Amino acid sequence: MKWTLILIFGSCLAETTLCWTYHYSNETMNWTQAREWCQKYFTDMVVIQNQAENDYLVSILPQKRSSPYFWIGITRNHMNESWIWIGNNSTWIGNNSWAPNEPNNVHATEFCVEIYTNTGENRGKWNDEKCSKSKYAACFKTQCNESSCERGRCQEAINSTTCLCERGFKGDRCQTPVECLPLSEPYNGYHSCSRGNQTFNTTCRLKCHPGFFINGSSFVTCEDTGDWSGPRLTCAAVECPPLPQTYNGSHNCSRGNQTFKTTCHFKCDPGFFVIGSPAVTCGETRVWSGPRPTCTSYKQALLALAGCGALSTFCCICFCCIKHRQRKKLSQERLPEEGSPPCDTQP
């Protein structure tokens, strides 16, 4: 029944900030009992992280005339050890935290700490004390919980609760992933991303249209800074091998280089003409379309035609001779049958 009354009374006297609430007991107890009481009804015994918190705590704790002392959550196990704050293992101690001539560790048995709330010059100062002594308990109740920050760690301070966001997230509760600017479609290509939106850790892959290849890395990732990793993705046109010099002629290409879809037109010198297609085009496989045309002189063409005509005449004569000989041989084989001698007659 004693603890129930203390809880109700202590809650009525609680001071609320925008982050955690401070609470205190209305009855005294030793340091161990004080911490157990704080842990049972609130979060833990008060932990002070800086001088501002120390001053704020003293301003809201009541001034007890008979015993203006409250246990706080700093202790040590041995006189040669450092003072440690419970819960976070911090060793923070302000330059003027201790009262004059403290800590003095009388009889080497003072391993707990109380804070003064009286109105004198020692108000807000600390004193080391035997842990078995009876003091009021100063507690806090945290407002941070597992759902306070979606993708971050909740940090409490006086008059504020802050979410320390994980890398790549933002917002008051770390609920929003960092976004990168939309990727513009590269010329002669396109990209596909691992997510529908383009937020932190989204990876996009560049693909090029036929006849083009990726210039640089084919992947970019949205980083926690809101920037895309690496330079902007581009697609470059494939190049066909240079066309060799045309004998007795020249060629002129539609582009200065000889890349995909470049068409080169061939022109022969006077007295020569093109044999083959007068133009070739660079294909997507880095190969020129068709065989390379050549320039031939009219004289060479006439000689070739004359040679072909003579050869054709000779072949024709040979063919006729062969056919004539075949007919003659066939007719000779048939003569005995047509002129067979008459049968002998008996006298």
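Each residue, glycine too, has its Cβ placed from N, Cα and C.
Just so you know, TrEMBL annotations never went through curation; they're auto-generated.
Under the heading signal peptide, TrEMBL lists 1-19.
Per-residue confidence over the domain 'C-type lectin' (22-140) averages 91 (mean pLDDT, predicted model). What TrEMBL records for 22-140 is domain 'C-type lectin'.
Note on the domain 'EGF-like' (140-175): DSSP counts are 0 helix, 16 strand, 20 coil. The domain 'EGF-like' feature in TrEMBL is assigned to 140-175.
Sequence annotations record features per position, and here TrEMBL assigns disulfide bond to Cys144-Cys154 (among others).
Per TrEMBL, disulfide bond is recorded for Cys165-Cys174 (among others). Every protein chain considered, the tally of other Cβ atoms within 10 Å of the Cβ of Cys165 (disulfide bond) stands at 22.
Residues or ranges marked as domain 'Sushi' in TrEMBL: 172-237 (among others).
The disulfide bond feature in TrEMBL is assigned to Cys208-Cys235 (among others). Annotation note: Cys208 (disulfide bond) sits in a strand segment as assigned by DSSP.
Feature annotation from TrEMBL assigns domain 'Sushi' to 238-297 (among others).
In this view, Cys295 (disulfide bond) is surrounded by 19 other Cβ atoms within 10 Å of its Cβ, with every protein chain counted. Residues or ranges marked as disulfide bond in TrEMBL: Cys268-Cys295 (among others).
For 301-322, the entry in TrEMBL reads transmembrane segment.
The Cβ of Cys174 (disulfide bond) lies under 8 Å from the Cβ of Cys149, Glu150, Arg151, Gly152, Cys163, Leu164, Cys165, Glu166, each of which sits 6+ residues away along the same chain.
Using CA atoms as reference points, the disulfide-bonded residues Cys208, Cys268, Cys295 were checked against Cys144 (disulfide bond), and the closest is Cys208.
Cα-Cα distance from Cys235 (disulfide bond) to Cys268 (disulfide bond): 36 Å (rounded to the nearest whole number). Taking Cα separation as the measure, Cys154 (disulfide bond) is nearest to Cys208 of the disulfide-bonded residues Cys208, Cys268, Cys295. Distance from the CA of Cys208 (disulfide bond) to the CA of Cys268 (disulfide bond) is 37 Å. Taking each of the disulfide-bonded residues Cys208, Cys235 in turn and counting other Cβ atoms within 10 Å of its Cβ gives the largest count for Cys208. Cα to Cα, Cys295 (disulfide bond) and Cys208 (disulfide bond) are separated by 38 Å.
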